[in-house]
Amino acid sequence: MNEATEAWPKFKVLFATDGDSAEIITDILTGTDTNAFIYSVLHNCYIYPTEVKIVLILCLPAKKPGGGDKCLEVFQLHIDTELAIPFLFYTKPLKANDLHKYIDFKAARKNFKPILDIISTNKPSPKTHNSDIKSKIVWFRAKFVNSLRKLYKISSSPYWMITTFGSFEVPFLLTAIFYFFEQHNCTINTIFHLSSLFEKKLGTSLIAITTFEELGGVCSTSDYLKTAPAFINYCHIKLARDSLESQAIDTSIDTLRGQLMLSNQDLVHYIYLSFFQCLNKDIFIKYSHLTNSDNIHFVPETEVLAQSLDENFRKDMLTYYNKSTYLKTYITHKCIHLPDLIGYAPQDCTSFVYWAGQSKNVHNLLNVINTTHPHINISEDLNGLLDLAAIDSTFNVDNLKDCVFNESQKVPVYRCEFLNKTYFVIVQNDILKNVWSTDVLMPMQENWYMLKDTEITSNISYKETFTSMLTLRDQLKISRHEYFNPRLPVFNLVLDLDLHIHTSEHEIDEIYNLCCTLRSLILETLQLLGPVDIDTHHVYFFKSTCEKPENWIDNKELKFCYCTKKLGFRIITPLPAGVVLLGSNPVISFVNILNRTIKIDKKLLAMYPLIMETDGPFDVGIYHKGRCVRIPHTYKVNSSGRLERLLKLFVCHPHVDNKLQYVMDSFDINNLLYHSHNPEKVKQLKAVYDIADTNENFILQKAQAQLPQTNHNAVERIESASHMSITDWVAEFAWPRLFELIKLYLSEEKVSQFYHVSFAASTGNIIKIISLSGNFSCLNFKHRLKTQSVRIFLSLHLTPDNCVTLTLMSQCFASKCNSNKCIAHMSVRVPITDK
């Protein structure tokens, strides 16, 4: 292309042909005679050019444009203006046979050589000059034509363009011009919306257009073609403004998000709510009016949409997702003061007195008690055993446990695995304190209790056992689980921690830092219930032991912990003095609050980011009736009887120099059970029966409140609007219409079973159809074995315009019908109050 040609104005033309465009393009390139015509459908020459010659770039829509050009060049025509004007503005087509006079074949080679290089790879081809593409196209014509179909969106009908860009002249013209001829990253819907803001008039309808020639005639002669430059300018201004507003919203959201510790779910809800506040329907309509073509130049320079973010919502987010303000602002509890609340009887550890049995033995024991004490009437299962364990002689003259123990007192219930059998155990007097004093060796150093916490932990030695004992009595000394008993007050908070991790080697200092952080969080949360001395209050940590890695070498120094997926701890701490929890609900609520406190602690999240992917590290399921948890210093028994995961003491009492009392208390069974009675006698105990997070799930509830509200109860809506029962309404209004469809689409054999039916309301929006002349047969198949298990019913669905869509459904239990899978057959739409 010489310098003179470079100076000619260039215009893009979206063209069509009166035949197969791929074949016609190939004919033109190969010089094959053709009678085809080329039509201008759309172009970006908005006024008559004044130059003598111009360059027309003939284009076709890209089949898969992605983020690239929406139309791709096919030919460049160097053509006289007097020939181009009728083609562009007066629907006069160009003959395909004449195009070779105007085509820039150098540009054509540049366009099509990459295609030819690909399809001719490793294929024999004519030995011609590299610049001669005509011979290659002739040689590989079929593949070349197929490649054009994959590259360009080729269609003989303009229907796809009309349905895509609009069925009226003005929005179609403006939307299509900007979409095809301008550089942008917009969806068609966005451009269509911009066209409606630019021009309210719609122009003529395009519904009746059937050919590209007709469509090109409308676009080329449209009076609105000359407004395209103004529309393009408006689009660029509007999109720049939208980008400014969007960036301001993102900045506002990200600024607040950076201050909050949000789970993935909460983050999604927060972003949704924030965008909803800025871009809900009302605000979007106002903003669209503010930025239409008449007002766009008068919009304030400052951002508009970001100002819609609700300050109260921001305040709620900042306080709810901040640890200190969360605990002070949103946590409440209800309590009463009760005298003489007691838990388990203190264990003097002088003798081992217990009863043990399997489920059948539990049943027999409780049956005997119900027989001898009929007024007690307890269930003869585990729940009954828990009820029995919670009864003492305070309010009963009789000793209900007289067939087991000499005296009646409140006792713990344990579970023990022995010889692949589960035993339920009630213990009146325990000896675990004595057992642990012999099986656990304190550090050998003089004044060991003055050492650092980690040094004491490293020097405490357990006499470990790896296989189950020979007797149940001995097995109870090394493995048992305490059942949570909701009939007894809770004196000690027992926590089961499963902390998900992504590393496999942990030094003792890392674990200690974790324990110190958890201790601080637990005590800070406990202060909600009563006064706690942060320095001296005992919080016991028992870490589940982990095995050495399989590839460990003997001469390699061992790390303290090799846990891979999660760290397991049992954490136990007494409640504040004079405070008890009643039942499982306040315990569950408290632990849920503790979980949330952990999830918004930045220090802990920095150490263990996987916390955000769960509901929290503390298991709340262990506090339900019938659930149990392994007590400290004991083993888990696996299916083969092997003992594993011993819960060893991990000392964490950082603010007291002398750890003796702390360590000794951690081996006292009276300090380690849910319902162990506090030895300090308090006349009036503060009994907490309800703990609540007043703003729990507020972000989820707020998000749900913004979703479109629909009335899902169709039956209730129908009955209230029609003043009829649902069965009468179906029989009078809906069934006659549906029955006409049934007669139209089902065979007479199937239809006959619907002549005599009645209706019955079922659950949800389901109406059962009951045959009065026998059972229904399958509506899909004629089974060889006539099944009597066919269910026919109607499903009701409300529509926004006060109508109901009734769908005839069936279920057949035959295997050929996918064994009871629901099948929809036909639907009819019925107004609620109009026949």
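Placement of Cβ uses the backbone N, Cα and C atoms for every residue, glycine included.
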Per Swiss-Prot record, range annotated zinc finger [choices 218-257, 378-417, 778-817]: 778-817
Lowest local Cβ density (other Cβ within 10 Å) among recorded sites: ASP496, ASP498: ASP498
Per-state residue totals over the zinc finger (778-817) - DSSP helix, strand, coil: 3 helix, 20 strand, 17 coil
Mean of pLDDT values spanning the zinc finger (778-817): 78
Three-class DSSP secondary structure - ASP496 (site 'Essential for primase activity'): strand
